[in-house]
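S.K.: Got a structure here, written out as C-alpha cells. Questions coming.
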Amino acid sequence: MTDDGTGGRGIGPAGCGDGGAEGADTGAPAALRADGGAVDDVALDPWGSSTVDDYRKLFEEFGIEVFEEVLPRIPSPHYLMRRGVIFGHRDYRPVAEAMANDEPFAALSGFMPTGDPHIGHKLVFDELIWHQERGGEAYGLIADMEAHAARGLSWDEIDEHTESYLLSLIALGFDPEDGTLYRQSANREVQDLAFELGTKANFSELGAIYDFDGETEVSYMQSVVTQMADILYPQLDGPKPTVIPVGPDQDPHMRLARDLAGRMRYFGVTEAYASFESEGAESELLRRAYKKREAYADDPERPRCAEAAQWLLAEQKTAEAMGGDAFHDETTLESLIQKVTNKLENAGKEPLRPRVRFLDRNATDDAFEALIEAIDGEKRVYEGHVDAFGMDREAAEELARDIELEHGGYGFLPPSSVYHRFMTGLTGGKMSSSVPASHISLLDDPEEGYDKVKSATTGGRETAEKQRELGGKADECPVYELYAYLLSGDDDEFATEVYEECVGGERLCGGCKEQAAELMGEFLEEHQEKREEAKELLEDLDIELDSDRKR
Ligand code: TRP
Ligand code: SF4
C-alpha cells in the first residue's frame with residue numbers, strides 16, 4: 001500500500017556504494033559500503049517518502065555512529081552486520097556488552113500494518129529474532145494506532161495486516177512464548193506510559209522535530225508519544241540496555257526517545273567545579289583552570305574562583321589556556337572565556353573544586369532526602385541539587401539510579417538503535433510497497449516471486465561480451481542485493497562467490513538471475529508453509545486480531 005519506515009523504502013543505486021574509500025569494508029568483498037555516492041540532501045522523516053541517498057551524511061549531520069566500529073565487540077555478529085547492511089547505530093555498545101556478559105537486554109521493533117509484510121521487513125524480523133536467540137527479551141509490536149492516525153487506515157484493514165505481520169515474524173523464528181507481541185491499541189501499559197511521557201514533551205518540540213503544525217491531528221501526535229512508550233516499554237520492569245532495530249528514517253524518533261528517557265529521570269548527574277552551573281566547553285575550561293591551580297593559587301590546596309578568573313583572563317591568548325587547538329574559533333573562545341570568568345568572579349573566594357552534581361529533576365522529597373543520606377564523604381546540599389566530593393561520575397550515576405528505583409522511578413537507560421540500509425527496488429529506484437514489481441511480498445506466490453526476480457534490473461553490461469571483459473556492477477545490482485540481504489543466508493562464502501564471479505566477469509546476468517529466482521521461489525514456498533504452521537501458535541496467544549473498533 002504504502003511505504004513504511006521499517007524497510008519499505010529503497011535507496012537509489014548510488015546508495016548501495018560505489019566502492020568509496022572509507023566505507024564499511026568489513027573484509028569480505030561482498031560487504032556493502034556504508035558511504036553512498038554524494039547525492040542530494042538527506043532528510044530523515046518517519047512519514048515522508050524521501051529516500052536516503054547519502055548514508056555518509058547520516059553520520060556527519062545526525063551523529064549516527066558507524067556500525068563497523070562496534071562490530072568487534074559483538075559475539076558472532078549477524079550476517080546483516082557482517083555485510084554492512086546494518087551500517088549505523090546509536091549507543092549499541094551497552095547492548096553488545098550485555099549480550100557478551102549474559103546480562104539482561106532487550107530488542108524491540110514495531111511495524112505499521114499498512115500492507116503486506118515484504119522482504120524489507122524481513123530484515124527487521126531477522127534482527128529481532130537474532131537478538132532473541134542471543135538471550136535478549138524480544139518485542140514485536142503492531143503500530144496500529146499510528147497506521148490509523150498517520151496513514152488513515154481503517155481498523156478492518158489494520159486487523160487483516162496485523163495477523164499477516166505476526167505470522168511472518170513467527171514463521172521466521174520469533175519465539176512468541178519467550179518474547180512479547182502486542183498491538184499498541186490493546187496495550188494499556190504502553191498507553192499509560194505514553195501519557196506520562198507526554199508530560200515531558202510539548203507541541204513546539206514535536207512541531208520542530210516532525211514538522212507538525214496547527215493542522216496536525218491530535219491522534220497523530222498521540223501516535224508519536226505511543227511510539228516513545230513502545231521504545232521504553234521493555235524497561236518498565238527495570239532499566240536494561242534495549243536496542244531498536246529500524247530504518248534510518250526512524251532516527252528522529254530515537255533521538256526524542258533518548259531525550260525523554262533522560263527527562264523522566266529523578267536526578268541528572270553532571271560534573272561541576274564550583275557552586276555555579278557550567279556545561280560543555282565551559283566545564284572543559286574550568287577543568288583546565290583547576291589543573292593549573294599551582295600556577296596561580298596562593299594556596300594550591302584551595303584555589304579561589306577569583307584567582308582562576310584572573311589567570312584565565314591573563315592566559316587567554318596563550319596556547320596553554322586554550323589547550324592547544326581545542327578551541328580554535330577565536331570569537332567563541334573569547335566569549336566563552338568571558339562567560340566563565342564572569343561566573344568565577346561572581347563566585348569570588350569560593351574554592352574551585354571538582355565534584356559530581358546531582359540535579360533534582362523529578363525526584364520526590366523522600367528520594368532527594370534518601371540520596372543526600374546515601375552520599376558518602378563530603379557533600380553540600382543546595383536548593384535543587386547536591387554536590388558530592390570524592391565520588392566519580394560512574395558511581396554517581398549508579399547511585400542516582402538505585403535511589404530512583406527504590407523510590408518508585410523508572411530509572412530508564414537511553415534506548416539504543418541499529419540502522420539497516422533500505423533495499424533497492426527490483427525495478428531500480430526505491431523499493432516501494434505501492435509498486436508491486438519493485439518488491440517481493442512475503443505473501444507473493446513462489447512463482448510470482450520467481451518471475452519478479454527474473455524481470456529485475458541488474459548491474460550487468462549491455463552485452464555478454466562486455467560483461468566478460470569488464471565484469472558486472474554488483475554494487476549497483478538489485479539482484480546482488482537479494483543475494484547479500486537474503487538469499488545467501490548465513491553463508492558468506494556463497495555471497496562472496498557471487499560477488500567475485502560477477503565483478504570478475506565469470507557470471508552473466510541470465511544465469512545469475514535464474515539462480516536467484518529459484519532461491520527466491522524456494523524461500524517463499526518454505527516461508528509460506530511456516531506461516532501456515534504459525535497460525536496455530538498465534539491462535540494460542542492472547543493477542544486480539546479482531547479489534548472491533550468502528551471505522
Ligand atoms: N513508526 C514505525 C514505522 O513507521 C513503527 C513503530 C511504532 C516503531 N512503534 C515503534 C518502530 C517502536 C520501532 C519501535 O514503521
Ligand atoms: Fe547482478 Fe548477477 Fe548480473 Fe552481477 S551477474 S550484475 S550480480 S545479476
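Residue numbering: from 1, along the chain as shown.
The backbone N, Cα and C atoms fix where each Cβ goes, and this holds for glycine too.
Annotations per TrEMBL:
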type	residues	note
COILED	513-551	coiled coil
COMPBIAS	1-22	compositional bias 'Gly residues'
COMPBIAS	23-32	compositional bias 'Low complexity'
REGION	1-32	region 'Disordered'
REGION	448-470	region 'Disordered'
MOTIF	113-121	motif ''HIGH' region'
MOTIF	430-434	motif ''KMSKS' region'
S.K.: Looking only at the coiled coil (513-551), what is the model's average confidence as pLDDT?
M.R.: 94
S.K.: In the same chain, which residue numbers or ranges, 6 or more beyond the ends of the coiled coil (513-551), come under 8 angstroms Cβ to Cβ?
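M.R.: Apart from its flanks, the coiled coil (513-551) reaches 144, 154-155, 158-159, 162-163, 166-168, 170-172, 176, 181-183, 185-186, 440, 442-447, 449-454, 456, 458, 479, 482-483, 486-487.
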S.K.: Which residues of the same chain, at least 6 past either end of the region 'Disordered' (448-470), have a Cβ under 8 Å from a Cβ in it?
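M.R.: Hits for the region 'Disordered' (448-470): 13, 426-428, 437, 440, 476-480, 482, 502, 505-506, 508-509, 512-514, 516-518, 520-521, 523-524.
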S.K.: Helix, strand, coil residue numbers for the motif ''KMSKS' region' (430-434) per DSSP?
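M.R.: Helix (H, G, I), strand (E, B), coil: 0 helix, 1 strand, 4 coil.
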S.K.: Could you put numbers on the helix, strand and coil content of the region 'Disordered' (448-470), residue by residue per DSSP?
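M.R.: Split into helix, strand and coil, the region 'Disordered' (448-470) gives 14 helix, 0 strand, 9 coil.
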